[in-house]
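Asker: Here it is: the structure, laid out below.
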Amino acid sequence: MAGGAPLETDFGTFYPSNLTPDPEHGIGDWTAESFAKAVRQGIGPDGEPYFPAFPYPFYAEFSDQDIADLWAAFQTVAPVAEPAPYHDVSFPFDQRWGLKLWRAAFFYEPKSEPVPDRSDAWNRGRELVRGAAHCGACHTPRNLAGGRDLGAVFAGNAELPGGSKAPSIRAEDLEQNGWTVSSLAYALQSGLTPSGDAFGGSMAEVVREGTRFLSPQDREAMAIYLFDAEVGGADDIVTEEGESAERKTRID
């Protein structure tokens, strides 16, 4: 939780922040309100926007209760009095004013309310896939500015940092590659594909550090949501006012 693990991208190398409750180098002098704004809006206590290497566009899905639970959990972490390295980003990507332009173009306020004509499992899967698990961070293609192509949600990304690739996780492609709801749910726990191969690269880390700790019901819910043939278009990513995510953004 003390940060520092590098994330190398085409824009430079980013380093996660110290999230321990140390008052000088961590979040020890933050309030619950500033924590919520940082997580869901990508705005620090000083009012400056964060680089979108921090996946706040996905964490915008978190409910007030999610944020409260996270805040309480972070208070139990032992403080570490060490600063995280500062980002090593080249010009012009190191200019913070440019982040406001990026947010205006690519940051939307998602609709987090349950979809009434869908099952509880589907809605739970939607919440996890689009929020905490942020599957679209890797499995959705991006443009040259790093914004997601909302017309190709979950269609795969052939240009991940480090030269790796993320396959399509749309229903038709999952089915063509031999996946089922049960095998996908099992893979999120075991890291094994239907053919018996093990996940490699960043997906192995996702399972090792993340999805294997979910309940069986949550892993199945994610699979149920992804196997919905209607999932994947920009129309499924809308704001609270019901407008398309391609037309509505939040920049403050």
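The backbone N, Cα and C atoms fix where each Cβ goes, glycine too.
TrEMBL lists these features:
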| type | residues | note |
| --- | --- | --- |
| DOMAIN | 120-230 | domain 'Cytochrome c' |
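Can you walk me through where each of these features ends up in the structure?
Answerer: Mean predicted confidence for the domain 'Cytochrome c' (120-230): the pLDDT average there is 92.
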Asker: What is the number of residues in the domain 'Cytochrome c' (120-230) that are helix, strand and coil, as DSSP sees it?
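Answerer: For that range the per-state counts are 59 helix, 6 strand, 46 coil.
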